[in-house]
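A short write-up of the structure that comes next.
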Amino acid sequence: MADKGEGVYIPHDHIRENSHVSSIEQYQKMYKESVENPEAFWGKIAQDFYWKSQCSGKFWEYNYDVRQGEIFIKWMAGATTNVCYNCLDHNIEKGLGDSVAFYWEGNYPGDASQITYSELLKEVCKCANVLINKGVKKGDRVAIYMPMIVELVVAMLACARIGAVHSIVFGGFSADSLAGRILDSKSSVLITADGVYRGEKLLNLKDISDTAIQECLDAGFTVNSCIVVRHLGEKREPGAGGDMEHHPPKRPCIKLQTNWHNDRDCWWHDLMADASDQFEPVWLDAEDPLFMLYTSGSTGKPKGVLHTQAGYMLYAATTTKYVFDYKPGEIYWCTADIGWITGHSYITYGPMLNGATSVIFEGMPLWPDAGRMWEIVDKYKVSKFYTAPTAIRTLMKFGEDYVKKHSRKSLKVLGTVGEPINPEAWLWYYNVIGDKRCSIVDTYWQTETGGHVLTPLPGATPAKPGSATLPFFGQVPAVVNENGEELDGPCEGYLVLKQPWPGQMRTVYGDHQRFERTYFQKFPGYYCTGDGCTRDKDGYYWITGRTDDMMNVSGHLLSTAEVESALIEHSAVAEAAVVSYPHSIKGECVYCFVTLKEGKLFNDALVGELKGKVRQKIGPIAVPEYIQNAPGLPKTRSGKIMRRVLRKIARNQKDLGDVSTMADSSVVEVLFQNRPKDVQGWVE
């Protein structure tokens with residue numbers, strides 16, 4: 001991308017010439033077909049995959065209007081397939097058996113391995129046989145609680161092969177969170193690992209799993225089998241099971257103690273050693289469930305987002321191909337954890353359905369130093385790189401030296417995911433990481449959408465730093481007001497989607513009414529994303545944050561993201577989070593939490609400068625009433641700021657609700673102590 005002026009960056013010639021979509025005109029032609037004739041558009045894409053039986057009914061049908069009856073979305077009626085078969089067998093049939101499916105990079109530099117498509121197929125078939133022998137059958141749910149290791153991919157693909165529904169729980173969640181998800185999904189089999197290092201911190205996953213299993217038992221539900229990968233290991237303990245002499249741990253850890261329950265626990269390697277490496281896939285209906293993944297709900301109880309076979313497969317594959325402009329032979333790296341939807345769609349399913357070679361990274365971006373990511377990029381010659389704005393802003397704190405000591409010449413496309421990226425971070429990503437020669441794709445989507453909704457395409461779309469840009473193929477976005485009326489031209493309001501796409505969630509597991517209530521009741525006839533946005537004169541969409549992150553100050557609708565972006569432009573600020581606060585005259589006012597860069601001091605002078613920066617960038621109406629020093633911010637383990645918690649802190653409300661997804665709860669008490677002394681009371 002090259003700077004065209006007025007904040008617009010156009011694709012470089014060297015990227016555009018070889019891209020799948022090489023001009024805005026080509027994008028517009030493909031997009032038009034995708035929304036006007038979905039059957040023709042997605043039908044052509046479906047020809048690239050294996051189907052045991054073809055679509056024999058309606059290619060797609062749906063109801064988005066709760067007033068017209070039950071909400072439903074269906075794609076490719078009558079078709080049968082198997083997603084695992086398309087990820088593995090189909091690629092091997094195309095000659096990719098000896099191609100590397102994954103390079104695994106461990107927490108410790110130098111701890112690495114790789115696995116080809118053929119090798120992975122054998123491991124998946126073994127695991128499929130293990131699960132069958134444990135009584136798992138089509139439609140059963142299997143809980144997976146593992147670190148970022150290849151066995152995690154093996155387990156999820158084995159579930160897909162036999163038609164079981166995997167429910168992956170991020171390997172940093174607490175025992176309570178794990179138990180809640182096991183109970184809701186009724187998963188009688190849990191696959192976990194003994195432990196994992198994150199940087200220098202040791203997590204005993206088996207101990208956490210044991211606690212969760214006991215909580216399930218106390219609630220009246222029994223986990224029958226717990227399969228344990230020995231990832232770290234220990235000397236053999238009495239009754240621990242497993243042939244430790246012939247199956248030594250990969251990275252011995254004398255600190256780790258693995259408790260054992262002989263009637264329930266099994267070592268992964270023992271079960272796999274006796275299993276056949278042949279397993280014929282179970283052929284599944286297009287709308288059979290593939291996986292469920294829990295995401296936070298406004299009520300505090302996580303909801304199980306359910307995705308199905310054919311539609312998700314088509315959408316994950318297609319977004320990977322076009323958004324990252326992926327081509328055979330390139331090395332792709334998404335830094336997310338597979339415990340999140342980004343890892344499902346853009347580490348496992350999307351890349352593998354394209355026959356890609358990917359990197360799986362177990363470690364942390366700042367350990368052992370802030371150059372770890374770029375060291376890995378150079379090691380594997382990564383060309384397509386996908387990470388979170390939070391990671392980019394964190395790395396910005398450490399300056400350019402850690403970046404520039406590494407080549408990064410292999411990079412071509414740089415993606416962002418998880419939250420809107422502020423323009424300053426976008427430009428740093430483009431100028432410093434990408435050396436002004438890489439395309440930036442800032443992707444907007446959700447767990448519920450299964451894949452990208454709004455995004456640039458590397459060879460086609462002029463980009464504007466901070467904008468989610470234009471709709472991906474099949475997406476029909478609209479902006480509505482509080483009455484559900486569509487707005488034309490440049491506008492601001494609620495982002496909704498007018499018709500379904502193949503990768504859309506089908507229901508909330510076990511609670512279809514919640515599905516309808518959450519996504520379709522507010523604006524009948526539309527899928528409600530829950531996000532606010534603006535649309536500019538060029539038709540570009542700018543995500544302003546969750547609709548409950550909007551502030552109405554003296555009758556003016558302000559975006560928290562807009563104020564945060566202004567604050568972050570100050571040289572002393574590393575990160576900022578903004579919430580609304582009740583005001584007796586204005587209705588609401590602006591309350592800011594700011595995290596400073598190392599060595600910077602929080603004082604009255606800085607507060608004045610920050611208020612001046614907001615006044616300069618937005619106007620007097622947006623000037624913060626309160627600015628609080630925040631050495632750390634409450635975040636989920638995927639890096640998202642928990643603004644719901646910040647609103648409670650601003651109001652001095654100690655009942656924070658469900659905080660099971662918070663990565664570091666110790667920051668909360670510090671933030672309560674740091675509340676400005678002049679805050680006028682609190683909300684009861």
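Glycine is no exception: its Cβ is also placed from the backbone N, Cα and C atoms.
Listed in TrEMBL for this protein:
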- 27-87: domain 'Acetyl-coenzyme A synthetase N-terminal' (DOMAIN)
- 97-501: domain 'AMP-dependent synthetase/ligase' (DOMAIN)
- 562-640: domain 'AMP-binding enzyme C-terminal' (DOMAIN)
- 142-164: transmembrane segment (TRANSMEM)
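If one looks beyond the transmembrane segment (142-164) by at least 6 residues along the same chain, the residues whose Cβ comes under 8 Å of a Cβ in the stretch are 82-85, 87-88, 102, 104, 113, 115, 120, 123-125, 127-128, 130-132, 136, 171, 173, 178, 181-182, 185, 187, 189-193, 196, 203, 205, 208-209, 212, 223, 229, 231, 268, 279, 281-282, 284, 288, 290-291, 337-338, 344, 347-348, 360-362. With helix defined as DSSP H, G or I and strand as E or B, the domain 'Acetyl-coenzyme A synthetase N-terminal' (27-87) counts 27 helix, 11 strand, 23 coil. Here the domain 'AMP-binding enzyme C-terminal' (562-640) has a mean pLDDT of 90 out of 100.
Taken through DSSP, the domain 'AMP-binding enzyme C-terminal' (562-640) splits into 24 helix, 27 strand, 28 coil.
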